[in-house]
């Protein structure tokens, strides 16, 4: 059932798959991440300075877009596992992604799509005195933005799984190849992010918004060509039919037989098809486990089921075990939501911090919007040195062949993220006190020449290292633990957690603003647009406490989890 085939469904040739095929797939993910991060860091500024939207509402709008684009990944995973297969899902949705980027480029290029920019200087923008965007202009921007997000929904859950499909499960080096693949995969993600935070920002500053967004469209178009050129080399896994239907059948059958005892005169046995192959196309058989025993009732075969029972009445053990695995997996990615919250907050809050700091490095002045490049650089460095430093050292400590298990890496990443956000709170307290002491309290967009922005590198580097261990470990964990015919849905779990994190960040922001601020009483909110009057340090420490609670929950869940 898990035998790989070519694009036409025929048995594969011996020279297909492997690292060469995987590298064609890396290019597509690199361009998608470049576009994703390019939009995430630039769209807030574009809405604020060009569309004349308030900074807070711009940030919330982009957070909502990022959240929806990630949560909708479950749709892409469902289509890939059920009907299209991973290749065709990527091929269709990457084209949709490109169309969305072209639409955004047109918005930034053609003056009719943006409000009048005449006599609209920086001070006028800050005071909200510029002509706001018309409702139809914002509608157009949101439409093309969400077309882009819809395209990402089909790419994100499939690319990592499709790349991992290129390696032969029967090979003795399969797990080693898979471990290296996910590290290289995230390296391609990081390179895309670095290009977004440097090259795209440089193009925007020197050539304007149209060229900046246009560069994302060009990169995406080129990566699409590279992806299609590699088509003859790819291995494919057959789609196994609708996973949601199979889940629904198990739940319905289990509920229908909820009163049937596990022992009785009418009971025959737990049902499974005879032979070596599973009844589910694209999946091998899964052995029965004692977890979630109430679901086993869906596979209880009794005399009244007859010779050819409907799957809505009687499910195979493999089908029941698929649902059990999905339920067992769910809590682990949910524990990474707080990491996504911290990453989302850093994209906006750290940029606001950087505006008040000296970004000169010798004679070089780094643009504020380039600051998020440093987590990417730390990720790049850690991945480059992973097999020469961390893996051998941790192998001596743990005795694990890969240095640390997947869940141990996820936990290490979560722990490092707590250190990152705690340091962010400590430095922000120092930065704010320095600003007040030296008369900068009301000058929140004026850089303080004697306080360097490079103190932010500590929190950036720590969150980058945290992201490496947590997300790479999570992707590998979900791919290996997910059922054979549901691996795209399994990979979508990580994207869903990231999307929920974006929404949670917006919710936390709104709650904090409503509780801590009161205009009638003259009380400034923690998240004031004037960062020197607000209390970002308190907010960072709130995130630290929430991250610590989340980490404790993860430790309990990881300790109880049993690998397949």
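For all residues, glycine too, the Cβ spot is worked out from N, Cα and C.
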* Segment assigned the feature transmembrane segment in TrEMBL (from 1-21, 64-84) -> 64-84
* For the transmembrane segment (34-52) and the transmembrane segment (96-114), decide whether they are in contact, meaning at least 3 CB pairs lie under 8 A, counting pairs 6 or more apart in sequence. => yes
* Asked: Per the 3+ Cβ pairs under 8 Å rule, pairs at least 6 apart in sequence, do the transmembrane segment (453-479) and the transmembrane segment (325-346) touch?
  -> yes
* To do: Count the CB pairs under 8 A between the transmembrane segment (366-389) and each of 64-84, 180-203, 325-346, 410-427, 491-512, then give me the winner.
  => 180-203
* Excluding the flanking five residues on each side, which residues at least 6 beyond the ends of the transmembrane segment (209-229) place their CB within less than 8 Å of a CB in that stretch? -> 24-25, 27-28, 30-32, 34-35, 38-39, 42, 46, 50, 90-91, 94-95, 97-98, 101-102, 104-105, 107-109, 195-196, 199-201, 203
* Asked: Looking at the transmembrane segment (410-427) and the transmembrane segment (491-512), are there 3+ C-beta pairs under 8 A, with each pair at least 6 apart in sequence?
  -> no
* So, do the transmembrane segment (325-346) and the transmembrane segment (139-159) meet, by the test of 3 or more Cβ pairs under 8 Å (sequence gap 6 or more)? -> no
